[in-house]
Structure formats: structure tokens, C-alpha cells
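Here Swiss-Prot flags 16, 17, 18, 19, 20, 21, 22, 23 as ATP binding site. The domain 'Guanylate kinase-like' annotation in Swiss-Prot covers 9-191.
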């Protein structure tokens, strides 16, 4: 796929195992290109972590409410991760698109499968750790997981990294070993979208 060929602001989906640095990379993009991205706020049934704000980091909801929304077809993708539901609503996608902003989604591999099945054109990017052991060290170092949740996240990470090696499943794979190097790779993929969006707003 030609990185320089962009003729529409299709959503950009960034995925990868928990702890790989997806959020950090997205935050850097949003700071450098302030105003270009309309980061979509996903829904989740998990409890907020310290410092997380409802409507900013996630729309925090409960299982009955989210289950009803899924049944009604309100979500373009949803997944059950570590016993909690996550999902992206159609309304959130439309809100960003209507403002001529670039949609950037941080979703898991299950969510990617749902989007692919729905035939929604997207740019799929996988952020990979250099090794599984590195990821394990990062998760332990984060200090936010107990033994049970750490085990679950590592089991999920192993499954997700299998998808990384499926030919054609992702448009790009970026190894996040050195953050600035990984960010440089991500910028080179995203820059045609930034250029297209800037021209569209003129």
C-alpha cells in the first residue's frame, strides 16, 4: 500500500498489546498536530483508573447499558477484554467525521476483526514490543496490575501478537523499542492524512 496515496480521511486504527505504548504514541501525535485529530472516546464497563476522566479517556458505563447498545447496533466494534466490555459507537465516529477531523482509534485485536467484518475502510497499525519479555517487564514496571490481571494481560498479549504475523491483516507493524524511533515511523504513516486534512480545511 502506498503511504503517500491518501484520498479520504479514513479512520486510523492503532492496536497492540496492553503496555506496549499505544496511548503514549497517540498522545504525542495529538500534541504535535493539535487540532488535526478527533480522538474517539470509546465506551467501557471497567472501573476508571486513577486520573481517568469520564468522557475524556473513556465513556464509563455498566454492562446492562452497553449490552443494550450492542443489541441495538450502536457500536461499530466491541470486545470483551479481561471480563470488561470495550466498544466504539457509531455516533462517536460520525461526530469526528462531521468536524473533518482525522479519526484515530485505540482498540484491541478483537475490535479490529469486528471493523474488518463490517467492511469499514481503515488504516490498521499494530504497535509491537521488541520481545514478549520486554512487554512483561513493562507491565510489571507499570505497577497497576495485580498478579491475576497481569497474567490475563500477558495471555491476551500472546494471542494478539499472533495476529501481527498474519500477512495483510495490518497495513503497518511498528516495533516500539525506542519511543522516538517508533514515533518517527508512526508520523511517516500518518503525515499524508495530516496533509490531506489540512488541504480539506482550506
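The backbone N, Cα and C atoms fix where each Cβ goes, glycine too.
Across all of the domain 'Guanylate kinase-like' (9-191), the predicted model scores a mean pLDDT of 91. Figure note: comparing Cβ neighbours within 10 Å for the binding-site residues 16, 21, 22, the maximum is reached by 16. In the structure shown, across all protein chains, 17 is the one of the binding-site residues 17, 19, 23 with the greatest number of other Cβ atoms within 10 Å. Annotated ATP site 16, 17, 18, 19, 20, 21, 22, 23; additional same-chain residues within 8 Å of its Cβ mean position, judged by their own Cβ, are 127, 129, 135, 176. Listed in sequence order, the residues of the same chain lying 6 or more apart from residue 18 (ATP binding site) and placing their CB within less than 8 Å of its CB are 139, 153, 156, 157.
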